[in-house]
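These notes concern the structure reproduced below.
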Amino acid sequence: MGEVGAFACLHTPSPMRVTAAASSTTDDAPLTRITPPPNYASMGEPVKADHEETPPRDKWSSWVDFIMSCVGYAIGLGNVWRFPYLCGMNGGGAFLIPYIISLLLCGAPMFILETTWGQLVSVGGLGMFKICPIFKGVGIAAAVMAFWLNIYYIVVLSWALAYWIFSIRMDDNVPWRNCDNEWNTVHCRSDYDPVKCDSNRTIRDYFNVKVLTVDHLNEYKKQFFVGPKVNYTFCSAADLAVQSPVREFWDRRILGVSSGIEEVGALRTDLALYLLIVWIVCYLCIFKGVKWTGKVVYFTASFPYVMLFFLLIRGLTLPGASTGLEFYLKPNFSKLLESRVWFDALTQVFFSYGLGLGALVALGSYNSYNNNVYRQALTVCCVNSGTSMFAGIVIFSFIGFMANQMGKTVQEVAQSGPGLLFLAYPSGILQLPYTQVWSLLFFSMVLFLGVDSQFCTMEGFFTAIIDEFPQLIRGRRYGRELFVLAICAISYIAGLATVTNGGFYVFQIFDFYAASGWALIWLLFFECITISWCVGINTWYDHIKSMIGYYPSAWWKFCWVFATPCVCILTFLFGLFQYKPVRLPTYDYDFPLWAHIFGWFLSLSSMLCIPIYAIYIWCVTEGSTSEKFEKLCRPKLDFSPASKISEDNGDGHVLYEFA
């Protein structure tokens, strides 16, 4: 690998011997002195690492940096815009049963696996699979998926930044309150209460679309358009479809949405500028490495909790909040008989924990060798799921209030995804005093939730590439900074397709296919069996003990060997059988065939990396079938836990590097 580190054999049957170290004080187990396995002599004499050839990898300043980074990465927009919706629509409180089961069987085991794996080998998502070369395609697949995700996910932040900027006004108003803006159409109606047709209304009232139905128009027609010389044409209900100013602001001012993906249209220059600003912010958060990122994330990860707390206090005092909370929490156990509920629970766990993208491996790889990553991973899992449930209380208190104000049911108001952030919430904010302040606070929370998830995903991708080519990138002056800048620039240019008039359709294709449920689960299945079946679960437990000083619970062994792979493959098959092409019912739009073909290209571009690389490495490896199997499917003799700290640093570690 060219890494500074200690290489002891991962396949050795006996655990590494450890003795108590001379110093230490962290959340972790006491630091230990690493000694090589009994058979290390067969791999060559220990040699000093050449620190001048390749600069050493960065380390977190403390274990708190690692936890805060994991919290910032794992807790993102999915906790706010997807979990509460799924919970409400899939049985309320009863949805917590499949969610918690999915968390225990798959989410937490894979979260622990990825973070411990990263800490053990101290390399990114590509290098970690050198322990089992035939599955290195899994690391490549994760990098490809992370690259696609970095391109399109960030556009959500440009939308949020646009709302945030539009909320900065001198008066207590926001532009999506009224229908007198240049982007509004005659279909815009600026209040929630239907306006009855009466003879006191002027023709201007009705052509500002305060007439809601054909019946209203007919009534108006009888009163004003009478006589033999009057010529009028009946209109359909569709012609008189009412649009709220919130919807028109989103469709016409923010998106400038076209009739379909076939009509890409012009570049939205304001969104392109906001997208550039967000990319610059993300670049500044990570270009110096984890020592800088670890400090930035203290604010970006904690600020959303402050906002959620204030929103909770306000939400619980609103009329109708109890109705929303009842919809969210009241269990409907009959829903548990529906297979879709279980599929939604599992995919939500995978997405909300950010599994399979290499980011968690990268974050773990910057830990010191004896950091108690196991305990910290469990802490982050509890914080993540607790945040999802807490956010649900906040969100449904507002949704209940909105339903009460609009005269609709909670189910009609509740939405998932961008519709919740940019339609439902802005509608609710209009009903609050000091609308401008609440809007600024809410979209500030959205920005911080998205930014730390974005730059941690970026860090996972960059770490994978940099660790694969350390001399080329890390060994050069400003190598990391320039490499990160180049990838950010390429990603920004590629992402401009999402800020055109047809950009929302492009976003939906990327969102549905690029990081799709089946592609992610496919990747996680191979990731799990690499450790449990190729490395060997007992060997893996021995190495975890060498890091933290004790064996983890036997529950994780059961999950890694049996439960998680089985659940992954069954869910993968279920997702394929349930596949339906993406469509946008809001716009009554079906994507053309070529768009779905492009979407499948995005999915397969990551999924096929695994079998293609396996076939390639099998063909180029010399030897008989049994020799190839031994070389490719068993841990390599010269790859092992990289002892992370030099013998000379006085930190109680001995650095070994086996030739």
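Each Cβ is built from the backbone N, Cα and C atoms, and glycine gets one as well.
TrEMBL annotations: computationally assigned, not manually curated.
TrEMBL lists 21-57 with the feature region 'Disordered'.
Summarising the annotation, TrEMBL assigns compositional bias 'Basic and acidic residues' to 47-57.
Residues or ranges marked as transmembrane segment in TrEMBL: 60-81 (among others). Among residues of the same chain six or more beyond the transmembrane segment (60-81), those with a C-beta under 8 A of the stretch's C-beta atoms are 26-28, 111, 115, 156, 290-291, 293-295, 297-298, 300-302, 304, 348, 351-354, 359-360, 363-364, 366-368, 371-373, 376-377, 379-380, 383-384, 387-388, 391, 395, 416-418, 420-421, 446, 449-450, 452-453, 456-457.
Taken from TrEMBL, the feature Na(+) 1 binding site applies to GLY72, ALA74, ASN79, ASN384, LEU449, ASP452, SER453. Classification of ASN79 (Na(+) 1 binding site) by DSSP places it within a helix.
The transmembrane segment annotation in TrEMBL covers 93-113 (among others).
Positions annotated as transmembrane segment by TrEMBL: 133-166 (among others).
Per TrEMBL, disulfide bond is recorded for CYS179-CYS188.
What TrEMBL lists as transmembrane segment is 271-290 (among others).
Residues annotated as transmembrane segment in TrEMBL: 302-329 (among others).
The transmembrane segment annotation in TrEMBL covers 341-365 (among others). Sequence-distant contacts of the transmembrane segment (341-365) (same chain, six or more residues past either end, CB-CB distance under 8 Å): 57, 66, 69-70, 73-76, 78-79, 82-83, 86, 90-91, 95, 98-99, 101-103, 106-107, 110-111, 114-119, 121-126, 128, 139, 142-143, 145-146, 149, 335, 373, 381, 384, 388, 453, 456-457, 459-464, 467, 515, 517, 520-521, 523-524, 527, 567, 571, 574-575, 578.
If you look up TrEMBL, you'll see SER352 marked as Na(+) 2 binding site. In the three-state DSSP scheme, SER352 (Na(+) 2 binding site) falls into the helix class. Residues within less than 8 Å, Cβ to Cβ, of SER352 (Na(+) 2 binding site) and separated from it by at least 6 positions along the same chain comprise ALA74, ILE75, GLY76, GLY78, ASN79, ARG82, PHE83, ASN384, SER388.
The annotation transmembrane segment is assigned in TrEMBL to 377-401 (among others).
Per TrEMBL, the feature transmembrane segment maps to 440-462 (among others). Distant neighbours of the transmembrane segment (440-462): 69, 72-77, 79-80, 124-125, 142-143, 146-147, 149-150, 153-154, 156-157, 160-161, 163-164, 167-168, 278, 281-282, 285-286, 290, 293, 296-297, 299-301, 303-304, 307-308, 310-311, 354, 357-363, 421, 425, 429, 480, 483-484, 487-488; these residues of the same chain sit at least 6 beyond its ends, with a Cβ under 8 Å from one of its Cβ atoms.
According to TrEMBL, the transmembrane segment annotation covers 482-507 (among others).
Feature annotation from TrEMBL assigns transmembrane segment to 519-541 (among others).
Long-range neighbours of the transmembrane segment (553-577) within the same chain, counting only residues 6 or more positions beyond its ends whose Cβ lies under 8 Å from a Cβ of the stretch, are 102, 104-106, 109-110, 112-113, 339, 343, 346-347, 517-518, 521-522, 524-525, 528-529, 531-533, 537, 540-541. What TrEMBL lists as transmembrane segment is 553-577 (among others).
Between the transmembrane segment (597-619) and the stretches 133-166, 302-329, 482-507, 519-541, the greatest number of Cβ pairs separated by less than 8 Å involves 133-166. If you look at the transmembrane segment (377-401), the same-chain residues 6 or more away from its ends with a CB under 8 A from one of its CBs are 67, 70-71, 74-75, 79-80, 83-84, 87-88, 96, 99-100, 103, 107-108, 111-112, 115-116, 305, 308, 311-312, 315-316, 318-328, 352-353, 410, 413-414, 420, 424-425, 428, 431. Taking the Cα atom of each, GLY72 (Na(+) 1 binding site) and CYS179 (disulfide bond) are about 38 angstrom apart. Sequence-distant contacts of the transmembrane segment (133-166) (same chain, six or more residues past either end, CB-CB distance under 8 Å): 77, 125-127, 174-176, 254, 270-271, 274-275, 277-279, 282, 356-359, 418, 421-422, 426, 439-440, 443-444, 446-447, 450-451, 453-454, 457-458, 460-461, 464-465, 491, 494-495, 498-499, 503, 506-507, 510-511, 514-515, 519-520, 523, 526-527, 530, 534, 602, 605-607, 609-614, 617-618, 631-633, 636. Rounded to a whole number, the C-alpha distance linking CYS188 (disulfide bond) with LEU449 (Na(+) 1 binding site) is 32 angstrom.
The 10 Å shell around the Cβ of SER453 (Na(+) 1 binding site) contains 26 further Cβ atoms across the protein chains shown.
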